[in-house]
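This report refers to the structure that appears directly beneath it.
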Amino acid sequence: MKILVDENMPYAQTLFSRLGEVQAVPGRPIPQAALAGADALMVRSVTKVNADLLAGTGVKFVGTATAGTDHVDDAWLAAQGIGFSAAPGCNAIAVVEYVFSALLILAQRDGWQLRDKTVGIVGVGNVGSRLQARLEALGVKTLLCDPPRAARGDHGPFWPLEKLVAEADILTFHTPLNKEGPYRSRHLVDAEVLAALPDNRVLINACRGAVVDNAALLAALRGGKALRTVLDVWEPEPDLSLPLLQAVDIGTAHIAGYSLEGKARGTTQVFEAYSQFLGRPQQVPLATLLPVPDVSEVTLNGNLAANLDEGTLLRLMHLVYDVRRDDAPLRRVAGIPGEFDKLRKFYQERREWSSLCIQCDDEATAALLTRLGFSARLR
């Protein structure tokens, strides 16, 4: 059995070799010659999976080690009888921690407190719901917008985008990219929405580039719009707009979800799905794959919960991850052919907050840090 895997999918060789012969290949593009004789294909978001790629091959299963699936024509796969699995939620925690890092950096730079702001979350799925929980653990007010969930009658409350635009100090987007239909999200943030945003708001896009009309955003910023902007995704990729990168406050190379834990979850989820597809189910505890981080334990004195110091919280977060380490490299190489993908391919190891154990002398502080995603315990 021949299994093709994206060469940048961590732990793929270790796991999929339990099921067959593994061949690692570039994801953009997949070499057509490599597909000859392949039984399964494991990809990331850089690979377009459709009839153009797979028609006439013997591929019987496709897995994408990503939460998003807009790069996969799953309807065509189903029509051909090809099995398919994604990895929903695999990188949700990493994206949440990316957003937190960006927000607290902007807060420190511009002299405001996150807990005094209202955060509008557009798309309340795996990422948005986790972001909501962590923000509310800090006492931050949130407004939620998720029309599909509202239509299903899910517990909200959910509000129209117009209310978030009018009332939220921060707008952060975590939707799939739907190009048509009742829940179309392509250019959800267009010139009209940008014009309606009051001054001194924060706009974050860490889902799909085309959810924000990049041309309209650049025009607004060039026109003097007072808007703090964080973009991890671009329209298009990898050939992003250099003027837009220069205009935003934080810009990164589609790496918000790139924690080692998130990547490992993505690989293990599609591995487990494929093993189930073959009738050879296997489960992989994540801890058996992950190395010990460089900084694994610190001591915190005092009651952080009683008198929340966002500066202390920022320092704890940045013991694990600081988004500025990803902003600077993109600005250095943007516009050079191939460099966007190289930043992603050779991405520096990044861990999640849970990898840091914080020894506390206060029970309420340990409880708060645990709710925020750290490993905290009383000493």
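Glycine is no exception: its Cβ is also placed from the backbone N, Cα and C atoms.
Because TrEMBL annotations are produced automatically, they should be read as predictions rather than curated entries.
Per TrEMBL, the feature domain 'D-isomer specific 2-hydroxyacid dehydrogenase catalytic' maps to 5-279.
Within its own chain, SER45 (substrate binding site) has THR64, THR66, GLY68, HIS71, HIS254 as residues 6 or more apart in sequence whose C-beta sits under 8 angstroms from its own. DSSP assigns SER45 (substrate binding site) to coil in the three-state reduction, outside any helix or strand. Per TrEMBL, the feature substrate binding site maps to SER45, THR66, TYR258.
Residues or ranges marked as NAD(+) binding site in TrEMBL: ASP146, THR175, ASP232, GLY257. Residues near GLY257 (NAD(+) binding site) in space but far in sequence (CB under 8 A, at least 6 apart, same chain), listed by position: THR66, ALA67, CYS90, ASN91, ALA92, ALA94, VAL95, TYR98, ALA206.
What TrEMBL records for ARG208 (among others) is active site. Annotation note: ARG208 (active site) sits in a coil segment as assigned by DSSP. Summarising the environment of ARG208 (active site), the number of other Cβ atoms within 10 Å of its Cβ, over all protein chains shown, is 25.
The active site annotation in TrEMBL covers GLU237 (among others). Annotation for GLU237 (active site): same-chain Cβ neighbours under 8 Å, separated by at least 6 residues, are GLY209, HIS254, PHE340.
Packing around HIS254 (active site, proton donor) is summarised by its Cβ count: 23 other Cβ atoms lie within 10 angstroms of its Cβ, all protein chains included. Look at TrEMBL and you will find HIS254 tagged as active site, proton donor.
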Discussion item. Using CB atoms and a 10 A radius, I'd like the single residue among the binding-site residues THR66, THR175 with the highest neighbour count.
Written reply: THR66
Practice prompt. Show, in sequence order, which residues other than SER45, THR66, TYR258 on the same chain lie with their Cβ within 8 Å of the centre of the Cβ atoms of the substrate site.
Written response: ARG44, VAL46, ALA65, ALA67, GLY68, ASN91, HIS254, GLY257, GLY266
Practice prompt. For ASP146 (NAD(+) binding site), list the number of other Cβ atoms lying within 10 Å of its Cβ atom.
Written response: 22
Worksheet, complete the sentence: From ASP146, THR175, ASP232, TYR258 (binding-site residues), the ones whose CA sits within 10 A of ARG208 (active site) are THR175, ASP232
